[in-house]
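As recorded in Swiss-Prot, the features of this protein are as follows:
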{"type": "DISULFID", "residues": "Cys44-Cys89", "note": "disulfide bond"}
{"type": "DISULFID", "residues": "Cys131-Cys180", "note": "disulfide bond"}
{"type": "DISULFID", "residues": "Cys146-Cys177", "note": "disulfide bond"}
{"type": "DOMAIN", "residues": "206-301", "note": "domain 'Ig-like C2-type 3'"}
{"type": "DISULFID", "residues": "Cys228-Cys285", "note": "disulfide bond"}
{"type": "DOMAIN", "residues": "308-402", "note": "domain 'Ig-like C2-type 4'"}
{"type": "DISULFID", "residues": "Cys422-Cys488", "note": "disulfide bond"}
{"type": "TRANSMEM", "residues": "516-536", "note": "transmembrane segment"}
{"type": "DOMAIN", "residues": "580-922", "note": "domain 'Protein kinase'"}
{"type": "REGION", "residues": "929-976", "note": "region 'Disordered'"}
Amino acid sequence: MEYHCVLFTVLLQLIIQPGRSRPTITPEGPRLTVPLYSNFSLHCQSNSTVRWQHENRPMRTLKEEQRQGQQTILKVNRAGPQHLGKYSCREEKTGEKSSIYVYVKDPENPFRRTIVFDIVAAEGDTTVIPCLATDPDMKNLNLQKCDGQPLPNSLRYSASLETGVSVEKVRKEFEGCYVCVGTLDAATVKSGRYQLTVRLVPDAPPPITLGQPQRVLLTQGEKLSLSCSTSNVNSDIAVKWKAPNGVNPSVHQNSHLLTEPITHVRTAILSLSSVTMQDAGNYSCEAINEKGTTAKPVWVNIYEKGFINITSVDNSTRRVRAGESLSLRVVMNAYPKPHTFSWSYSGVKLTNTTDHVITSRTHGNSYTSELKLVRLKVSESGIYTFSCLNRDATIRQTFEVHVISKPQIVSYEGPIDGQVRCVAEGYPTPQIKWYYCDLPHSRCSNLLNATQEEEDVVTVTMTNPPFGKGAVESRLNITKNNYATLECVASANGEIVYTLFSISENTVPHELFTPLLIGFVAAAVILVLILIVLTYKYMQKPKYQIQWKVIEGIHGNNYVYIDPTQLPYDHQWEFPRDKLRFGKTLGSGAFGKVVEATAYGMSKADTVMTVAVKMLKPSAHATEKEALMSELKVLSYLGNHINIVNLLGACTVGGPTLVITEYCCFGDLLNFLRRRRVYFYYTTLGEDAYYRNVMMQSEPNDSRNGYMTMKPSVLGILSSENRRSLNKGDSYSDSDAVSEILQEDGLTLDTEDLLSFSYQVAKGMDFLASKNCIHRDLAARNILLTQGRVAKICDFGLARDITTDSNYVVKGNARLPVKWMSPESIFECVYTFESDVWSYGILLWEIFSLGSSPYPGMPVDSKFYKMIKEGYRMESPEFSPSEMYDIMHSCWDADPVKRPSFSKIVEKIEQQISDSTKHIYLNFSSRLPAAPGPREESSSHVHRLNSVGSHSTATQPLLSSNDVFLDRSSPSHPVV
């Protein structure tokens, strides 16, 4: 049948409407029916090149003609069963396509003829029975069993004339013969028979069974044979061996089938005819199925010759009471298998009897031999020897067995010539003591008023053999005393025997010294105990140590620290004590405190400056005093930097040591972040604030880790530029400074502030590293903020009581900030520049979590240490840009060498902060003189920022190079 008129009309419509994006197929409609062996044509109209597809496959066997213009014509001559199906016209550029389904009507075959009647489906999959109708008028297409039996209850399917019957979630019980049934012209028609076979699918990777232990021992020249088997519910399984590099074994495989249940078994056998030392290593058997891969290792050890190594042995010296039993055991590793196990006693080989029971056990290359000695006699004391031999080695292990016997008094006599004599024997050799009392025929040692005779006693050891009983003789001279009864007591190993001697005259011994001696000893013991307790309490007190360490030299991984006590101290730092007026305490520890103070004439006679003074408490000891002096020397050695708490002066003569440093009005960074949480505005890099963090609440246990809160919070909501700018006016007074501090503390906090804090701390740490100084306790609690939100690194040292600070955990005999420490510092006590970089990464996490505790919800216990060893790292905090988290993660590299230096970190953060922040920081830095020198005073253009600067040249070396001024004539810039 030809369709030229229809096609011509459609072509005219396409020419009139050329803007359509999808190709158009004519004849129109979803399907086309053509008689068997007739010709038909399909026209595709498109603005670009198209390709015809049949059943979603490219057309290769059918004629395809490309004509001029926008039309592609597909011509099919003598349409047969193979031409039935869906035809698609697909644009090559856009992938857009249109489709039409062609029925090739065959009166004799209502279903398309096919040669595929065996269908294999995986269990759980959806499979299609391809019974495609040749006539679109077929009705009621359904699926039936070939034998007329009902379908399985759980079988669910969908039927379509164009796609066939789709069976969902195939199960093993669906296996069988099926036929498609439909109605055509009121008659029932059936398709051919389809045999459905369901292939079982495993639910897990395959199991592996090794034919030998996982540790195989061989000597050079022997044959290696390793066997590995696996099984699977279907035949889609493979097993193979992996050998160490350079080893080329032969591998033989075989398989067999088990029927109930059906199981496919595969075995791989690896062989080496003659092994060498290079063949040793880790061999791995791998089994693979549809669910994955399973592997089991086999360690092959090659030795030049055989060996026997004892791995466990009972105590070689054994003591047992007579009549008890004793077991002697030896555990050893050996290869090849020992051919001789033997036990001997005093050189005589023992046989397996009821008195000497010998047992042996074998597990792989481990062998155990045990000798049980039943109801030992004293005469069986002596040396027992275990011997083991194999082809190449011999070992011997000896045991000394001592049989404990009760002491016995074997003879006694007297009194004769003013002496009594007592002889005892046993093992161990007994001890003899003499007691006397005034009661006749009584055991003196049981009486409360019994007296032990220690004078005029002569004791001689008669025999003391290495094994068996020893004998001892004791003689007592009684010429000087008169007794009613004498008692000879022999004791050994908790056993006691005695004999009594009756004396004719009775003289009660003098007991004057006994109570005095007891009282003296008791008093001495009490005094010693008190001294021990006091010493222990003193040793347990926390010792103040300066955390900052200055390195003298680096030799590989070994750092040589400078003894800070050996550093020089320049007395130009001295400041008169009477010019300090102390205020409130800013921080306090076990041995010291930091106090706010006012310094008069620090840089000029009429200047007044707010400073922080670190001092010791009266309870401090000499070690703490020396440590504070060391801290003073280290600060003077380091020099000044805008991002560390700089030294302003000191008082070391005429009283206790005072260290005068800059006063930071906003306290520590940790509590500053926690106070500002409710005013935090989250911003993306380079943008103004757009999100206010109103959901976060202050943590109930905010610790005062350093300075107490200086000023009340004042709510301020300004733009990111105005919020950072300082007030500028014609004059500047102390009330102006207080007002400015109150306003700035109340201002909002945004992401640019957090980046600024991170940048400043990195700059400060880079400075310390350039001075070969290691911090060892870098954390937000040890960062102080001053006016302009300038961050300064400090070491609280004695100003913090670490015994009450939960951030410091007892480890050994010290309290350490474990959650801030690198793995090498925790497990190896190694502190380096790289360990400071790790702590800096934790500090970044604190900053971008707005003061949260690191590793939230994780106590410092054995599980915590295990997770750190296994590489656990914290996830990105809530307000951290991805670039900053990348820096954190690089700081936490397990390999210290791969961690970035502080100079690299500074470069990375500089890429994130805004140009205005960089300009502010450079402005501050450029106004920080590099060396002491005179400075002209200009009251109209400069003003003081607390103790960060002064109005004129100071006599103190560091103070003169530590002044920071803001030029009132310069444009207003945000303060970092």
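Each residue, glycine too, has its Cβ placed from N, Cα and C.
Shown here: features listed in Swiss-Prot, placed on the structure.
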| residue | record | Cβ contacts under 8 Å, 6 or more apart |
| --- | --- | --- |
| Cys44 | disulfide bond | Pro23, Thr24, Ile25, Val50, Trp52, Gln71, Thr72, Ile73, Leu74, Cys89, Ser98 |
| Cys131 | disulfide bond | Phe111, Arg112, Leu141, Gly164, Val165, Cys180, Ser191, Gly192, Tyr194 |
| Cys146 | disulfide bond | Gly176, Cys177, Tyr178, Val179, Arg193 |
| Cys228 | disulfide bond | Ile208, Thr209, Leu210, Gly211, Val239, Trp241, Thr267, Ala268, Ile269, Leu270, Cys285, Ala287, Lys296 |
| Cys422 | disulfide bond | Ile409, Ser411, Tyr412, Ile432, Glu473, Ser474, Arg475, Cys488, Ala490, Thr499 |
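Cβ atoms under 8 Å from those of the transmembrane segment (516-536) belong to no residue of the same chain, restricted to positions at least 6 beyond its ends. According to DSSP, Cys177 (disulfide bond) sits within a strand segment. Under the DSSP three-state reduction, Cys44 (disulfide bond) is assigned to strand.
Of all the disulfide-bonded residues listed (Cys89, Cys177, Cys180, Cys285, Cys488), Cys177 has the fewest other CB atoms within 10 A of its CB. For the domain 'Ig-like C2-type 3' (206-301), the predicted model reports an average pLDDT of 92.
Helix first, then strand, then coil: DSSP counts for the domain 'Ig-like C2-type 3' (206-301) stand at 3 helix, 60 strand, 33 coil. Across the range of the domain 'Ig-like C2-type 4' (308-402), the DSSP-based residue counts are 3 helix, 62 strand, 30 coil.
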